[in-house]
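Annotated features in TrEMBL:
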- 26-51: transmembrane segment (TRANSMEM)
- 83-102: transmembrane segment (TRANSMEM)
- 117-326: domain 'TLC' (DOMAIN)
- 123-147: transmembrane segment (TRANSMEM)
- 167-185: transmembrane segment (TRANSMEM)
- 197-214: transmembrane segment (TRANSMEM)
- 220-240: transmembrane segment (TRANSMEM)
- 252-274: transmembrane segment (TRANSMEM)
- 294-316: transmembrane segment (TRANSMEM)
- 331-374: region 'Disordered' (REGION)
- 334-347: compositional bias 'Basic residues' (COMPBIAS)
- 352-363: compositional bias 'Polar residues' (COMPBIAS)
């Protein structure tokens, strides 16, 4: 009687390939846990911290707004939980755009591996920049930033924010934090990871700095300006991948990029160097969120100037590389003159015609006719 051996197969585990193929479903399940937690009284208090904005203050109605009371927000440690939840939402949206839009276009265009990764990067970033730029412009118009530029430094510290303002910053932080796991999900090449880490780190450093130092007004204006220029670059690159003769978008982007750097420096110096420097309250106070002291102002201006210089350096190198590639592409190929060899082989080749084939002239030459007649 045969004895059956027990199977020694280990239970299925979350392998590397399984996580890569189903990361959107896994993240969706985690996000649904927080949403389902709102339905039960026991877990509702914990889930609200992740899903909704925290630290709201209701101000009483004033003479100008006698009918409504304003609800404003400030930041705190609980914002990290909200950023984490919306980071999961950003991963889900990233996967939806990738699967239902970009992958379908990639199958039709048949890009190479290099173009495939760059097309995916530009497709994701152009969608994000467009949405963030429109959203930020709406906030600027609704809160009268354009009609009154002095609002950038007047009544500092800007420790109280509207719902739109705080949600905008939470979304920005969540998006750029979601870029870290996307390096793993998208199988980014090892040589590209340092560049991406610097790219993501600069965004998080400046957005978090503007949020924590209560410079959210200035940060919003600079982000909208920067996002518009970056959107133009990535949308131009998408058109370039479909038609390599398309160069007009890059020319317009090059002009706006330089203007954007100049406007960034002008607004930063005007706000931090002149507006906040002339404010009456220049005392460090963590309770009220006042960071208007000389050391902080120098650090803010130095970080902005260094970043703009770094971006200009990268821009100049990019333009020089494109100019070299364009000049080598348009350069006419150098034609070599045919060399005439002396000796029997050259005479034989001449008699036999072109490339050693016998021609009618060579076959009926006078010498051949004389030999035949004799």
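Each Cβ is built from the backbone N, Cα and C atoms, and glycine gets one as well.
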| message | At a C-beta cut-off of under 8 Å, are there same-chain residues at least 6 beyond the transmembrane segment (123-147) that contact it? List them, or none. | response | 94, 97-98, 101-102, 105, 162, 164-165, 168, 171-172, 175, 217, 220-221, 223-224, 227-228, 230-231, 234-235, 238
| field | For the transmembrane segment (294-316), sequence-distant contacts whose Cβ falls under 8 Å of one of its Cβ atoms, 6 or more beyond its ends | value | 202, 205-206, 209, 213, 215, 254, 257-258, 261, 264-265, 268-269, 272-273, 276-277, 282, 284
| By a Cβ-Cβ criterion of under 8 Å, what residues six or more beyond either terminus of the transmembrane segment (197-214) are in contact with it? | 75, 156-159, 169, 172-173, 176-177, 179-180, 183, 220, 222-223, 289-291, 296, 300, 303-304, 307
